[in-house]
Structure formats: structure tokens, C-alpha cells
């Protein structure tokens with residue numbers, strides 16, 4: 001079951017991450033009066049996530065068990081519930097930034113530039129958690145930055161024509177949204193690891209907690225930014241089959257990542273991300289007017305290579321021998337050869 005869950009999770013995560021930027025681009029590539037309202041979509045994503053997680057928990061247990069666990073998660077463990085408010089607010093902001101980036105940039109560009117979140121995550125983990133990276137990992141992050149810069153320099157928005165064309169693209173707004181996504185994604189992830197990783201709540205219950213905080217924030221965003229538009233054009237303006245698919249895909253993305261982390265490892269996750277980049281590039285070439293040139297492919301290859309190198313060469317602390325646990329040790333080893341007490345561990349890392 002673990003092996004099946006691992007490979008199914010990897011396949012689903014690859015498809016989801018490759019399809020998301022394409023779906024955003026396709027559903028937003030419409031006239032301004034026909035495109036869906038982003039704040040409404042973000043609100044519906046949280047609502048769908050609550051229904052999906054609730055259905056899964058009831059199916060895996062029972063309604064009475066679910067109500068008991070929900071009472072414990074929301075009322076008994078009130079401190080843990082309140083701590084969720086920080087990543088919940090960040091996730092709402094990040095979802096809106098994703099739509100802004102998808103409206104102003106080509107799908108593959110959004111996905112590749114978003115991989116810079118590994119650099120911001122490494123920086124925040126070093127500052128907030130004290131995590132040490134290996135030299136090869138820092139080199140991989142530098143390669144990542146070089147690839148992202150190469151993609152940004154070569155990008156040019158596709159030409160639009162006709163009376164039904166969408167609003168003019170602004171690459172500066174798109175790249176700013178992507179880089180803001182990188183920072184917010186890293187902040188939310190590091191915060192979750194620092195404060196909530198030790199929680200006894202299940203992945204689905206944690207997502208219900210986050211969504212319960214995100215719903216009022218999303219509702220406030222709708223009223224503040226799009227109240228007049230909703231009153232005039234309706235709550236579900238521009239919704240069709242593909243917008244529903246987009247909403248579902250974005251809702252289950254966090255659950256898929258949790259499944260991969262639980263049953264697979266970082267190396268396989270890196271390969272899934274690399275394959276998703278290739279899938280997004282092929283999809284943009286087939287569905288839209290994006291034609292990747294040599295410079296763009298070089299930047300994409302740098303990004304994919306950096307992801308793999310970063311996961312293959314984690315930091316390994318040097319092994320330190322405890323003299324007390326070793327029993328009687330010849331004196332000359334300590335006095336003449338102290339370097340023998342400290343050397344890098346040659347054993348491969350454990351899974």
C-alpha cells in the first residue's frame with residue numbers, strides 16, 4: 001500500500017503541478033467581462049477543500065468519530081487552532097497572487113520562476129530554524145537563480161489581436177507576483193514546520209483548520225475588492241467546466257504534496273517537479289502560441305538540474321565519537337592522532 005500510494009501520489013502531483021499553470025492561463029485568457037472573479041474562486045477553493053477533507057475523514061472513520069476529532073481540533077486544542085491563522089492568511093494571499101501571475105505571464109514562465117521558492121525557503125529555514133545546507137545545495141540554489149534570471153530576460157508576452165482579446169499583459173506585474181509567491185510560500189512552509197509539524201492532527205484536519213480561517217478572509221476580500229462586480233455580473237461570472245476543474249485541482253494540490261512527503265522522498269518529489277515543468281512547456285506549446293527558444297530551454301534546464309542536485313546532496317554533519325562510549329582507547333590515539341576522532345560519515349544517508 002505504501003508503494004502504491006507513493007507512485008500514485010507522485011503521478012498525481014506531477015499532473016496537478018503541470019496542469020495548474022495551463023488551466024490558469026486558459027481560463028484567464030478571455031475578455032475581461034467574461035473571466036471569472038479571482039476572489040470568488042479562492043473562496044470556493046477553501047469551501048471545496050473543507051467538503052473534500054470532511055468526506056475523506058468520514059469515509060475513513062465514521063461521522064461520530066469525525067465530529068469528536070473536529071471538536072478536539074477546534075475547541076480543545078484552541079491554541080493550535082489559533083496558530084493556523086498565520087499560514088491561512090498567507091495561503092489566501094498566495095492564491096490571489098497565483099492568478100495575477102497567470103494573467104500576465106506565460107504558463108511555463110510562471111512555473112519555472114516559481115521554483116525560486118527553494119531559495120527563499122532555504123534562506124528562511126536557515127534564519128528561523130537554523131538548518132544548515134551543504135555546499136552543493138548552495139551551488140544548486142545559485143544555479144536556480146541563474147536559470148530564473150535567464151527565463152525572465154528572454155520572456156516576451158505573446159501578441160494579442162481582435163476585439164475579444166484579454167487585457168494587455170504586464171510582465172513586471174507578473175514577475176512581481178511570482179516573487180511574492182516565492183516568499184509567501186517559503187514563509188508559510190517554514191512556519192508550519194516550526195510551529196505545527198509536531199501536531200497530532202491529521203493532514204485533512206489541518207487543512208480543515210486552515211480553510212476555516214481562510215474562508216472569512218476570502219469573504220472579506222470579495223466584499224472589499226469585487227462587491228460591485230459580483231452584484232452586477234453575479235457570483236459565478238465566467239464559470240464553466242474548466243473553471244470547476246481548476247478549482248478542484250488547486251484545492252487538492254496541498255493534499256497531494258502531503259501524500260508525496262509521507263510515502264515518497266525528496267528525490268522522487270524533485271523528479272516529479274522536473275517532469276511537471278516539461279509537461280507545462282509541452283502544454284503551452286500545444287495549446288497556446290508559446291514557442292520556447294534555445295535560451296529559454298537553457299534556463300529551464302538550469303532550473304530542473306538545480307532541483308535534482310539540491311535533493312541529491314543534502315548536508316551531512318560530521319560523525320563525532322564519544323570516548324566514554326568507546327571504552328578503553330589507547331592514549332596515543334588521542335594525543336598523536338586527534339584527527340581520527342572527527343571525519344565525514346562515509347555512509348549513505350538513511351531514507
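Backbone N, Cα and C define each Cβ position, glycine as well.
Annotated features, as they stand in TrEMBL:
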{"type": "TRANSMEM", "residues": "35-58", "note": "transmembrane segment"}
{"type": "TRANSMEM", "residues": "79-102", "note": "transmembrane segment"}
{"type": "TRANSMEM", "residues": "108-129", "note": "transmembrane segment"}
{"type": "TRANSMEM", "residues": "138-155", "note": "transmembrane segment"}
{"type": "TRANSMEM", "residues": "175-196", "note": "transmembrane segment"}
{"type": "TRANSMEM", "residues": "208-225", "note": "transmembrane segment"}
{"type": "TRANSMEM", "residues": "241-261", "note": "transmembrane segment"}
{"type": "TRANSMEM", "residues": "268-288", "note": "transmembrane segment"}
{"type": "TRANSMEM", "residues": "294-313", "note": "transmembrane segment"}
Query: For the transmembrane segment (79-102), which recorded stretch in the set 108-129, 175-196, 208-225, 294-313 gives the largest number of Cβ pairs separated by under 8 Å?
result: 175-196
Task: Flag the pair the transmembrane segment (294-313) / the transmembrane segment (35-58) as in contact if three or more Cβ pairs fall under 8 Å (sequence separation 6 or more).
output: no
Message: Applying the under-8 angstroms CB criterion, which one of 35-58, 108-129, 208-225 scores highest with the transmembrane segment (175-196)?
response: 108-129
